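Participant: I'd like to ask you about the structure that follows.
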Amino acid sequence: MTTETMSKQKALGSTIFASTIGTVVEWYDFILYATAAALIFNHLFFPQFDPTTGIIASFATYTVGFLVRPLGGIVFGWMGDRIGRKPVLMLTLLMMGISTTLIGCLPTYDSIGIWAPILLLALRVVQGLGAGAEYAGAVVMAGEIAGNRRGFFASLPAAAVDVATILAAGVFALFTLLPEEAFMSWGWRVPFLLSGLVLFLGIYIRQKVPESPEFLQVKEERRDAKLPVLEVLRDHPRTMLAAMGANFAPNLSYVFQTFTLAYATSKLGFPREIILIGVMLSSAFGAVMCVVFGALSDRVGRVPIMAMGSAAAAIYSLVYFQLLGAGTPWTAVVLIIIGHAIGARSSFGVQPSFYCDIFPTEVRYSAIAFAREVTGALFVGPLPLLATALVSWYESAWPVAVITALYCLITTVSVLSVEKAQKLDAEARERRGLVEQKA
């Protein structure tokens with residue numbers, strides 16, 4: 001093995017490790033908030049409402065994090081395409097870690113009244129801004145150094161999201177074993193405060209990672225885009241629409257995990273501890289399946305796996321809530337595992353390499369962040385809130401099942417149309433270039 005080969009392998013290993021571990025740290029913060037929003041924030045920060053309205057208010061603060069993520073994606077995506085992937089990933093990690101730690105220090109509504117939910121909302125905004133560029137950056141870093149095994153290596157940050165879910169749900173479940181009074185008083189704070197400790201680990205690891213070689217080449221050749229988001233919307237509009245549609249099914253974990261956590265405990269009366277076990281087990285299987293589907297996409301292609309996976313998830317979604325309501329708590333655990341690990345992760349594990357394939361290096365960070373975060377803000381983030389409201393209005397989960405199936409089919413159609421979209425975009429760029437030459 002030559003020195004150059006060893007150097008490349010070392011750079012690959014350190015970059016993948018930093019992207020993956022950093023994503024674990026970052027998404028521990030984000031998913032911890034989702035877990036708390038589903039289980040306790042309605043009691044701590046919105047006790048003036050009835051239980052259902054309190055959950056809706058709690059999920060509303062959760063949704064705000066998604067609403068500001070496009071702004072974070074645009075601003076930090078621009079920085080990532082202009083300044084570099086590494087410094088942006090350091091900054092977003094700090095934003096997420098500090099805001100999450102401070103949530104653990106917040107007084108509750110009983111202590112400071114309306115200022116408690118206001119401060120919670122403010123910290124959630126900071127968290128959302130950081131999250132808006134974090135995952136896209138980790139995916140880009142991994143995908144740009146992976147070579148012909150992009151599907152496998154780019155799936156590792158995706159798997160890291162599930163690892164983070166296990167940590168967040170596991171730590172939270174551990175503290176739910178405390179007496180109710182102790183948990184509601186101080187026990188819920190500890191998982192948030194632990195974020196401050198793991199933040200230092202993430203910063204230490206990420207500051208050692210080298211910059212993306214593809215980005216350095218673009219900078220050297222002076223091909224970097226001045227306004228990446230505007231350029232991708234001008235030069236790749238149809239591809240962007242397909243990319244946005246490809247983000248629906250991969251995020252159905254917010255139905256199979258986040259919403260199910262609230263629905264199964266509050267509406268079906270299932271024990272909180274058992275459903276949390278289901279979330280953790282589904283994430284464990286999900287992490288494995290992300291890598292399996294990602295590696296498989298290197299052999300059979302990104303589109304076939306995402307298309308078949310999202311179509312199958314659409315069918316499963318239509319019967320999911322009916323089976324959930326007819327079963328036992330442990331049946332619910334199995335249903336959550338199937339929905340998340342296979343239904344959602346068949347798309348989510350392949351999505352990183354799919355995105356890296358369809359966008360050029362000079363706009364890749366901004367394009368991926370924009371595609372993910374705009375759809376996240378408009379359609380994915382509000383999903384637990386919308387689902388809770390629909391169940392309250394209709395006294396049934398069938399509308400949620402229909403919406404979930406529709407989300408899956410949007411992804412199926414989008415990934416099947418991406419090749420044609422790229423071709424049409426290329427033809428449009430060529431025609432525009434000819435017109436500009438004549439002018």
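From the backbone N, Cα and C atoms, a Cβ is placed for every residue, glycine too.
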Participant: For the feature transmembrane segment as recorded in TrEMBL, pick the matching range from 219-240, 241-262.
Facilitator: 241-262
Participant: Tell me which of 9-28, 329-348 corresponds to the transmembrane segment entry in TrEMBL.
Facilitator: 329-348
Participant: Tally Cβ pairs under 8 Å between the transmembrane segment (303-323) and each listed stretch (186-205, 241-262, 274-296), then give the stretch with the top tally.
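Facilitator: Stretch with maximum Cβ contacts: 241-262.
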Participant: At a Cβ cut-off of 8 Å, and with pairs 6 or more apart in sequence only, do we get at least 3 pairs between the transmembrane segment (397-418) and the transmembrane segment (55-76), yes or no?
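Facilitator: They do not touch: fewer than three Cβ pairs between the two stretches lie under 8 Å.
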Participant: Taking residues 6+ outside the transmembrane segment (55-76), which of them lie with a CB under 8 Å of any CB in it?
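Facilitator: Residues 30, 33-34, 37-38, 41-42, 45-46, 49, 88, 91-92, 117, 120-121, 124-125, 127-133, 136-137, 229, 262, 266, 366, 369-370, 372-374, 376-377, 380-382, 384-385, 388-389, 392 contact the transmembrane segment (55-76) from elsewhere in the chain.
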